[in-house]
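Here is what Swiss-Prot records for this protein:
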ACT_SITE  Cys105  active site, acyl-thioester intermediate
ACT_SITE  His398  active site, proton acceptor
ACT_SITE  Cys428  active site, proton acceptor
Amino acid sequence: MSNSVNSSKYQPLTTRQGDRIAVVSGIRTPFAKQSTAFSTTPAVDLGKLAVKALMDKTDIDPKLIDQVVFGQVVQMPEAPNIAREIVLGTGMNIGTDAYSVTRACATSFQTTANVVESIMAGTIDIGIAGGADSSSVLPIGVSKKLASTLLALSKTKTVYQKLSLLRTLSLKDIAPVPPAVAEYSTGISMGQTAEQMAKSHGITREEQDALAHRSHTLAAKAWKDGLIQDEVMTAFPEPYTAWLDHDNNIRHDSDLASYAKLRPAFDHKYGSVTAANSTPLTDGGAALLLMSEKRAKELGYEPLGYIRSFAFSAIDVHHDMLMGPSYATPMALDKAGISLSDLTLIDMHEAFAAQTLSNVKMFASNKFAKEYLGRDKAIGEIDMEKFNVLGGSIAYGHPFAATGARMIIQTLRELKRRGGGLGLNTACAAGGLGAAMVLEVE
């Protein structure tokens with residue numbers, strides 16, 4: 001255990017018998033930009049694709065799966081419990097427990113943590129965690145006025161009563177209402193927050209564009225070098241006329257100069273956040289198979305790695321709302337009994353280049369550590385040679401509930417390629433939430 005961490009906060013994640021919690025395997029769908037390859041595929045079907053592929057990949061007996069914890073951020077009213085629908089749609093035992101959770105962009109970190117805790121408690125032996133989201137198949141709502149009028153219409157008896165109610169509606173009342181993109185409590189959008197963070201922390205347009213270019217360049221190289229293919233299934237979405245086996249947002253010919261041509265997306269006059277230095281709306285799903293180290297050995301599996309620790313944070317939503325990684329990471333490191341310098345890899349969710357670079361700054365800020373974290377000093381400066389080495393969400397895309405699982409799979413596989421070590425996954429999330437998870441590979 002590193003001398004620079006608080007040993008009193010060390011919390012090993014093991015079962016009562018002392019077994020670590022293993023990630024046996026993981027797989028995901030390709031990530032597709034909104035309204036492209038998965039334009040008619042709802043989140044529940046993306047989740048089914050990923051989980052069925054995971055079951056096929058591991059050849060696990062479906063009867064051995066005790067629980068599925070799955071998440072989705074953009075809810076489908078017709079299938080609110082996506083986890084149970086996945087159980088029913090993938091050939092699992094009908095008695096398999098399943099429940100759904102949502103923690104915005106950190107959702108599949110939460111589903112993973114929930115399965116880990118259930119295994120630790122001994123309430124289950126084997127679980128599947130993950131998440132899926134569609135930004136193409138959206139729950140389009142109606143105005144409050146139209147909703148109340150439709151309800152009243154259902155109770156009328158005469159044509160005259162119906163016509164009288166319909167006359168009260170304006171064109172504005174009958175216009176469709178898309179899902180909200182702003183915080184319910186403040187009305188501030190993620191993009192507006194990214195702009196605020198860029199201005200508050202001195203993140204320039206050039207720095208943001210450079211990070212986006214780096215993300216695409218590294219992701220393109222990872223695909224070209226064959227590092228990603230084995231964790232991505234080939235998907236045949238309805239109507240089964242085409243297939244997809246790669247992420248279609250990555251710029252394989254990324255040119256830094258081209259990023260400067262885009263106009264700011266949120267602050268049109270003074271802004272620096274653009275569509276190119278932000279992660280795009282994306283469709284996709286991802287899933288992980290977890291069990292105790294002992295159970296994995298009994299079944300003949302060689303784990304990808306282990307969950308060493310996790311932590312979640314919550315901060316104010318009015319200012320620096322996407323600074324969650326800077327709050328959650330110190331807690332996760334303490335619980336793992338390590339320091340930042342002990343890490344082999346660091347993978348931070350790139351919601352926006354501005355948010356990512358702001359967090360990178362705060363990791364190294366003693367002032368931030370003292371004023372906001374109550375710590376004597378910063379956790380340290382990030383070694384960029386360890387940071388998002390295969391690219392990040394700006395390149396791969398961001399199906400909200402699937403991103404955490406994508407990061408876990410990718411980091412564990414890269415650690416294994418490098419001969420083992422410790423990895424950090426961390427993400428910001430709407431509502432001022434943050435997540436951090438330490439992974440271990442021998």
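Cβ coordinates are placed from backbone N, Cα and C, and glycine is handled just like the others.
Cβ neighbour count for Cys428 (active site, proton acceptor): 36 (other Cβ atoms within 10 Å of its Cβ, all protein chains included).
A Cα-Cα distance of 8 Å separates His398 (active site, proton acceptor) from the residue listed as 'active site, acyl-thioester intermediate'. Sequence-distant contacts (6 or more apart, same chain, Cβ under 8 Å) of the residue listed as 'active site, acyl-thioester intermediate' comprise Val73, His349, Ala351, His398, Phe400, Thr403, Gly404, Ala427, Cys428, Ala429, Ala430. Neighbour count (other Cβ atoms within 10 Å of the Cβ, all protein chains): 26 for His398 (active site, proton acceptor).
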